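Presented below is the structure to which this report refers.
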């Protein structure tokens, strides 16, 4: 939380209220005690499975984007605790899904007017998938921002920088890299591809991230660009609540206000670290 400079938002009471955030993932533990009293709309796009999260990944990602600053457990973990939550289950109990389920989730989130759509998912393919180009363009036109994990296919210590996979490699989807606790590029975080849309756009914390987990465990620390993407989604929600910006204008402001990272290549971190730059409390 502190890495994305949440302190100023906390000081002025900027929680993201009035903004709808959709997290498309493995679902959500809707009975999690840290989210008691929150507005949560949950839907499943996996045949034969309800919206509950039996995997854990979705509850963790949703917690990073939308979790509380001061939960009953005592340790805060969310960026935008006042947003209205939409949880779309597009990945099954085994953590896998199809383009059809993901695209259906995007359609659902857009139909519900979600300004931010967070997707900590992807495939390790270099090719751009046209359906995500169409979906991303339509989202921006409707005033929504698609945020996606860049991918974990790098092995930087072994000399492999990896590549941004789909759907993050669509030119209309914001691709998010992961940083470690020293704000260095994570070993696993994918690098930009040399084609339109293949670039990393922005970065956020993604190593040993503490967040919510389905009951009875309640909390867990895990790593991945999947953990970085919801941090950016939370920052985007606070920025949208503060400024009223949406869609492409919100994208532009997120990258404009990102903090450059000394010694990091733009191919690895894009504009830099996503940070909270509030104008007024809301």
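Every residue gets a Cβ built from N, Cα and C, even glycine.
Source: prediction; values computed, not measured.
Now, the feature entries from TrEMBL:
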DOMAIN    16-261  domain 'Peptidase S8/S53'
ACT_SITE  25  active site, charge relay system
ACT_SITE  57  active site, charge relay system
ACT_SITE  226  active site, charge relay system
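Annotated features, which come from TrEMBL, shown on the structure.
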| residue | record | Cβ neighbours (10 Å) |
| --- | --- | --- |
| 25 | active site, charge relay system | 31 |
| 57 | active site, charge relay system | 21 |
| 226 | active site, charge relay system | 28 |
Rounded Cα distance, in Å, between residue 226 (active site, charge relay system) and residue 57 (active site, charge relay system) is 9
